[in-house]
Amino acid sequence: MGLNQQWMQRDLKVLWHPCTQMKDHEQLPLIPIKRGEGVWLEDFEGKRYLDAVSSWWVNAFGHANPRINQRIKDQVDQLEHVILAGFSHQPVIELSERLVQITPAGLDRVFYSDNGSSCIEVALKMSFHYWLNKGQPEKKRFVTLSNSYHGETIAAMSVGDVPLFTETYKALLLDTIKVPSPDCYLRPEGMGWEEHSRNLFAAMEQTLAEHHASVAAVIVEPLIQGAGGMRMYHPVYLKLLREACDRYGVHLIHDEIAVGFGRTGTMFACEQAGIRPDFLCLSKALTGGYLPLAACLTTNEVYSAFYDDYPTLRAFLHSHSYTGNPLACAAALATLDIFEQDNVIEANKALAQRMATATAHLVDHRHVAEVRQTGMALAIEMVQDKASKSAYPWQERRGLKVFEHALSRGALLRPLGSVVYFLPPYVITPEQIDFLAQVATEGIDIATRSSVSVAVPADFHPDFRDPG
C-alpha cells in the first residue's frame, strides 16, 4: 500500500470534510498533501498538482512563500496571541493602519473576525444595530441579489441565494428581499455588459423605492458572484447602487472576501466603480492564504453611533476568541508588503491577458456557451446546447469529470457544477497558464463528449450542482 493510500485510509476513519458528500470517496480518491511550494501542491508519493483555484481562493503569492514564512516565524517568537478586548498589539495596529490607507477614503475603522462568513455576520449585525441606535428599529431587513453567496453561517446564508447551500436550511433563515442579479451571462444576444447591468438595476431601484423604510442594508458581491458560478457584471451597477443607497438612506455592504486584493484587476473591486461602501468585508487573500483572518471596514459615522457611556448599551459587543490574532496579522502585513513592493496589480495585467489568450479557442467549442473574465478570474461555461445555452442536468456531474482528468494531469481544477474556472495564485507563470488551459480543454472534451445516464427526478431543484 502506498503512502497516499495509507494517509487516505487514516483520514477517512476520522475526518468529515467540508462541502463534501463523503460517500463520493468510495470511488473518488482523496489527495493527501505533504508540502506546497509556489503554485504547486505535492502529495506523499511526490506527484505535484498545480493549484489553479488558490486552495479555495485564498492563496495570493504561492505556498511556502519565503517572505510570509519569515514574517510569521519572527512573530511567533514575540507574541502568538492576546485577547483583543482591553489589550492590543503591534501587528493588529499596523495592519489596521495599512488597511485604512489602501481602501477607499472614509473607511476609517476596522473590526476583525475569523473568516468570511463571520465577517458578513459582523457587517449585518453592525448595520442593524446602527439603525437601532439611531432610533430606527424598523430598518432591519436586507436586500441581496439572486444567485449570491455570502457564507455558511445562518445570517450569511440568509442573504445568499445558491439553493445548494440554502434550501436545506430555509426554515432557519432570515426574511430577506431578493433582487434579480445583473449577471451578464443572462444578457440578451447582442447586448453589452454595461447596458445589461444598467437595465437590471431597474429592479433594485424599484425595490429600494418600495421598501427602504424597512431596509437596513443592501449586500452584494462586487463584479463577480463566485460560488454562484463565477457570474460577472459591469461596475456601472455598483455606481448606480451606491447612488440609490444614498438617496434612500440604506447601507451598502460589499462582500469582497473572494474578490478583494487584486482578483478583479484592481486592489478592490469597488475601485472600478469609483465608490466607497459603508461596510467592506475582507478575508481569504488578506493573509496570503496562510491563516484565517477577516476584517470589516466601516466609517467613523457608523462607529460614532455605538460610541457612548456603557449603561446606554449602545456598544457593539460582538467578539471572537482569536480576533486580530498576531500571527495572522503578521501574515497579512507581509502580504501587503508584497503587493506594494512587487507592483502586483500591474504585473497581473499581463497574466490576465495570457489567461484570455490561452483559453480563446474555447469560445468556439460546441459545448462552451461563454468564456468570461474579470481580472485574474476566468470562467468557462459548459452547456448541453450552445445555441440555447441549455445547461447539463446537474445530476450528470460533468464538472466532476474535468476535476478527475485534471488530477490525473497534475492540476487542481474544481469546477462549480459545469463551470470550469481559473483563479490561480499571482505567482503563476505564463507557461503554467498555458498548461492549465490545455488540461481544461482536454477535460472539457472528455466531459462533454461522453454519454451520462442518470436519473433526473422532476421534484429535485435544478441547481443542486457540485459546489466547487
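Placed from the backbone N, Cα and C atoms, the Cβ positions cover glycine too.
Going by what TrEMBL states, the pyridoxal 5'-phosphate site holds GLY116, SER117, HIS320, SER321, and the candidate of ASP51, ASP183, ASP255, ASP385 recorded there is ASP255. Matching TRP7, TRP16, TRP40, TRP56 to the substrate binding residues that TrEMBL gives (TYR149, LYS284, SER319, ARG414) identifies TRP56. The two recorded residues, SER117 (pyridoxal 5'-phosphate binding site) and ARG414 (substrate binding site), show a Cα separation of 21 Å.
For ARG414 (substrate binding site), the nearest of the binding-site residues GLY116, ASP255, HIS320, SER321 in terms of C-alpha separation is GLY116.
Using CA atoms as reference points, the binding-site residues TRP56, TYR149, LYS284, SER319 were checked against ASP255 (pyridoxal 5'-phosphate binding site), and the closest is TYR149.
Candidate binding-site residues: TRP56, TYR149, LYS284. Nearest to SER321 (pyridoxal 5'-phosphate binding site) by Cα distance: LYS284. Ranking the binding-site residues TRP56, TYR149, LYS284 by Cα distance from HIS320 (pyridoxal 5'-phosphate binding site) puts LYS284 first. DSSP classifies ARG414 (substrate binding site) as coil under the three-state reduction. Cα-Cα distance from TRP56 (substrate binding site) to GLY116 (pyridoxal 5'-phosphate binding site): 12 Å (rounded to the nearest whole number).
Across the structure, GLY116 (pyridoxal 5'-phosphate binding site) and SER319 (substrate binding site) place their CA atoms 14 angstrom apart.
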